[in-house]
Amino acid sequence: FLPFVLFYTLRMTGIFLVRGINLSLTSLGLLKISLLLGLAGSLIGIAGAYSFPLYSISGMLLGLSGALLPPSNQSIRFFLKEEGQKISHSNLLTTVLLTAVLFGALFFKATEIGLALLVYALYFLLALVAIKSYPVSLNELEEESAEVSRKELILFVIFFVLLLLLRSGRLLTNAVEFDYAIVGACCFFVVAVLFVSHYGKRGAYKVSLEMNLATLINGIVGNYLFLFGSIYVAGVYGRAHMGIYLYLPYVLGMIFAMIAASKTKQWSNNIPMVGLAGSLGILLLTSWTILGLFLLSFFKSTLNSFLARRYYQETDLPKDSRILIKYTTQTKGSLFHQFILMALMLVTVVGKGGTTQFLLELTGGKGISTQTSQFLTFIKNSNSLLVLS
């Protein structure tokens, strides 16, 4: 459990660490570092079969790689497009074959982890070779003030500790750790709101309030879609049906969003938000789970692409850190929703006379029952209303 907890925690909080220590690196530099971390993490993970502690080191490296890879890669793609350069797809066939091997590994339980990590290592190696041909020469990131650097570093420490307690508490069904995480998160959010209300400066944000809110919503919906979606589907339909009820609509939504990208680019700013509201309405008012999650994934992907374009066009932000700032903001939304969701579930269970231990067993997919289904349906409706509001 510990390797996964470390991976997930650093995957979610690593972006705060990067901005907190204020590295003067280009997006290409961050991309190279993320790929090297991923390669090292994969190779160390393979060796974990002979020494279990190596899995924890692997989890940390892969988590940091996962935090850095999306924003740095997207920044490079925008820059190449702006310069009229095309990204080579010479390794496409190899990538497809490796993906087939990765899926095949799922059927060989004895070697599943080692084979999957080997495929990941090859992915990272191919990517490192591919980026050598990138005609990219960006200016170094503009250094932010020491105040901003300290703020992001403090956020990393706080979120790392709270998320570590939350995830380890859930996976190990440790009620004490879970309670500490929820109470700590609630106290932190209250202090943060009071601090911003009294000491926050107007105009401190370099992007509009509308964009900040949309980016936070993007992170919140992402957490709703995948984290809560997995808890709900596992508890109501069973883990054996997660592929059909969650993963399939999630992936199809992203694929259709990519296919329709040329048309959705012409949409007005409000259409993705209206689409998200309609998707949540379907999940709230009907039992069409697959359709609701598909539409939620589609409009979430559309909103994500829209925000990425908007951030990259923001001239008030340092050019090479615009996408990094977007990912930082949406990660805050995702983490906020994660703790609020768990607090909502805890309050509901305690209000019905249950215990924290019961909640942890419930969300751990310990089995399907009428009580579990009714509870998670109530949480789904409450959660949908919360996000809609």
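Glycine too: its Cβ is placed from the backbone N, Cα and C atoms.
TrEMBL annotations: computationally assigned, not manually curated.
Here TrEMBL flags 21-46, 90-107, 113-131, 152-168, 180-200, 212-238, 244-261, 273-299, 335-351 as transmembrane segment.
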Taking residues 6+ outside the transmembrane segment (21-46), which of them lie with a CB under 8 Å of any CB in it?
54-55, 57-62, 64-69, 71-73, 75-76, 79, 113-114, 117-118, 120-121, 123-125, 127-128, 131, 134, 136, 138-141, 143-144, 149, 153, 320, 323-324
Can you tell me which of 113-131, 212-238, 335-351 gets the most C-beta pairs within less than 8 Å of the transmembrane segment (152-168)?
335-351
Who are the long-range neighbours of the transmembrane segment (212-238) in its own chain, taking Cβ under 8 Å and residues 6 or more past its ends?
205, 245-246, 250, 273, 276, 289, 293, 296-297, 300, 303-304, 307, 311, 326, 329-338, 341, 362-363, 365, 368, 372-373, 375-377, 379-380, 383, 387
